[in-house]
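**Student:** Below you'll find the structure I mean.
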Amino acid sequence: MDRKFLMILVLGCGFMFVFTAFQTMCNIEKTILDSISQEDDTFKGEGYTSLAIIYLFFSLSNWLAPSFISFTGPRVAMVVGALTYTAFMITFMFPSTVLLYVGSAVLGLGASITWTGQGTYLARCSESTTISRNSGVFWALLQCSMFIGNLFVYYQFQDKTRIDKETRNLVIGVLTVIAVLGIVFLAALRSMPDNAEHDNELEQKHTGWDQAMYALKSAGQLFFTKKMLLLSLAFFYTGLELSFFSGVFGSAIGFTTKIAETPKEIVGLVGICIGAGEVFGGGLFGILGNKTTRFGRDPIVIVGYIMHMAAFFMTFINLPNSAPFKDTTDVSYLETPSASIALVCAFLLGLGDACFNTQIYSMLGGEYVNNAVGAFALFKFTQSVAAAISFFYSSHFGLYVQLAILVVTGTIGTIAFVFVEWGFKRQHREQEALDK
């Protein structure tokens with residue numbers, strides 16, 4: 001097997017295990033913290049606030065991630081970042097409002113170097129002909145995390161209206177062990193040489209602090225280019241929809257008491273269906289990588305947009321406006337909320353997210369290979385800013401306002417991505433004509 005592709009598989013497995021812990025916890029955090037509050041009157045931790053802090057610090061520290069990686073390289077950065085995910089999991093075993101929010105902030109710092117390191121390493125393991133395949137394969141492996149953790153949560157939460165301390169600690173303990181296994185995989189990654197002129201220039205002409213400042217400056221210059229500003233609109237939407245399906249959607253279903261006799265157990269099934277959509281999309285685009293490179297990325301993003309709009313509409317008619325906040329007996333346009341419709345929406349949300357993210361990875365790794373560190377840092381910066389904003393307003397805006405925001409930003413982001421993709425196609429045609 002090709003060594004670079006083998007490293008993509010190891011990278012995907014490492015992230016799969018780390019994010020089995022984190023994505024599962026995001027899906028159940030609101031439910032877990034509400035149960036803790038019922039047992040301990042002094043505990044005031046709020047799930048959406050915790051997630052907002054994570055993404056706020058994630059967004060701010062993304063500007064420093066290229067500088068950090070210029071010192072350590074992507075492998076070390078990913079291992080250090082993954083340790084912060086594990087530390088965050090452990091904080092739930094010792095319920096404390098201050099510890100929860102401090103752990104959230106530390107995780108946000110670690111997430112920036114984890115994801116920027118991942119994007120850089122993926123680009124180093126790819127060529128223009130393999131970037132779509134590698135992006136799809138990595139995404140499919142990563143999203144397998146939605147199966148493992150949520151299936152476990154489904155069985156643990158069965159027939160429970162409140163998540164007791166014993167169940168919480170068992171779930172958190174198992175997820176922490178899985179996160180440590182992911183760190184072992186990331187530590188096993190081998191060094192990959194840079195495959196870009198820009199990165200070689202960075203290493204040869206700049207050292208120490210000067211190297212770090214050069215990485216920060218180049219990322220800033222890239223951000224203000226026309227194409228990157230347009231892409232930022234698509235990045236922003238992926239942050240909003242990420243926060244919606246990873247933190248709000250599952251909680252809204254769990255709080256809708258009329259959707260099932262024990263709605264809390266459906267939260268795990270929602271995560272599994274989201275994961276099924278993510279894995280199907282990532283696997284499909286990995287298999288069809290060469291064809292997507294040939295015909296362009298825009299058709300896939302447009303398909304993802306249509307799937308998301310369908311999911312938002314079905315969620316609008318299925319779940320009540322008050323669902324994101326607490327247990328409610330309210331209903332929406334359907335007199336009896338449907339668990340089946342909710343699970344279909346979950347699958348569409350996952351598949352649509354895979355459409356957007358695999359094509360963004362393909363574009364950044366293929367078109368910005370000369371500054372992959374900066375490009376992926378800017379992607380994660382914009383995405384995490386949007387996620388932080390979303391989690392902050394999720395505590396105040398009803399479900400319908402949140403869905404309206406997603407519809408508007410999704411439309412704008414998709415149009416922006418298509419324009420940029422068309423620009424790159426035109427650029428490639430002109431280059432091919434010159435070469436002839």
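Using N, Cα and C of the backbone, Cβ positions are placed for all residues, glycine too.
This is the feature table in TrEMBL:
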TRANSMEM  47-64  transmembrane segment
TRANSMEM  76-94  transmembrane segment
TRANSMEM  100-123  transmembrane segment
TRANSMEM  135-157  transmembrane segment
TRANSMEM  169-189  transmembrane segment
TRANSMEM  229-254  transmembrane segment
TRANSMEM  266-288  transmembrane segment
TRANSMEM  300-319  transmembrane segment
TRANSMEM  339-356  transmembrane segment
TRANSMEM  368-393  transmembrane segment
TRANSMEM  399-420  transmembrane segment
**Student:** Please figure out which one of 47-64, 76-94, 135-157, 229-254, 266-288 racks up the most CB pairs under 8 Å against the transmembrane segment (100-123).
**Tutor:** 76-94
**Student:** For the transmembrane segment (300-319) and the transmembrane segment (368-393), does the number of C-beta pairs under 8 Å, pairs 6 or more apart in sequence, reach 3 or more?
**Tutor:** no
**Student:** Looking at 76-94, 229-254, 266-288, 339-356, 368-393, which one has the highest count of Cβ pairs under 8 angstroms to the transmembrane segment (399-420)?
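**Tutor:** If we count Cβ pairs closer than 8 Å to the transmembrane segment (399-420), 229-254 scores highest.
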**Student:** Within the same chain, where does the transmembrane segment (339-356) have neighbours whose Cβ lies under 8 angstroms from its own Cβ atoms, ignoring anything closer than 6 residues to its ends? I mean 6 or more beyond.
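**Tutor:** Tertiary neighbours of the transmembrane segment (339-356) are 139, 143, 146, 234, 237-238, 241-242, 244-245, 249, 253, 259-260, 266, 269-271, 273-282, 285, 300-301, 303-305, 307-308, 310-311, 314-315, 318-319.
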**Student:** Spell out yes or no: are there three or more C-beta pairs under 8 angstroms between the transmembrane segment (135-157) and the transmembrane segment (169-189), with each pair 6 or more apart in sequence?
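**Tutor:** Yes, since the transmembrane segment (135-157) and the transmembrane segment (169-189) share at least 3 Cβ pairs closer than 8 Å, they count as touching.
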**Student:** Ranking 47-64, 76-94, 169-189, 266-288, 368-393 by Cβ pairs under 8 Å to the transmembrane segment (229-254), which is first?
**Tutor:** 368-393
**Student:** Where among 76-94, 169-189, 266-288, 368-393 do we find the most Cβ pairs under 8 Å to the transmembrane segment (47-64)?
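**Tutor:** Going through each listed stretch, the top one turns out to be 368-393.
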**Student:** State the residues, same chain only, that lie 6 or more residues beyond the ends of the transmembrane segment (169-189) and have a CB under 8 A from a CB inside it; answer 'none' if no residue qualifies.
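**Tutor:** The answer is 7, 10-11, 13-22, 24-25, 28, 75, 78-79, 82-83, 85-86, 89-90, 92-93, 121, 148-149, 152-153, 156.
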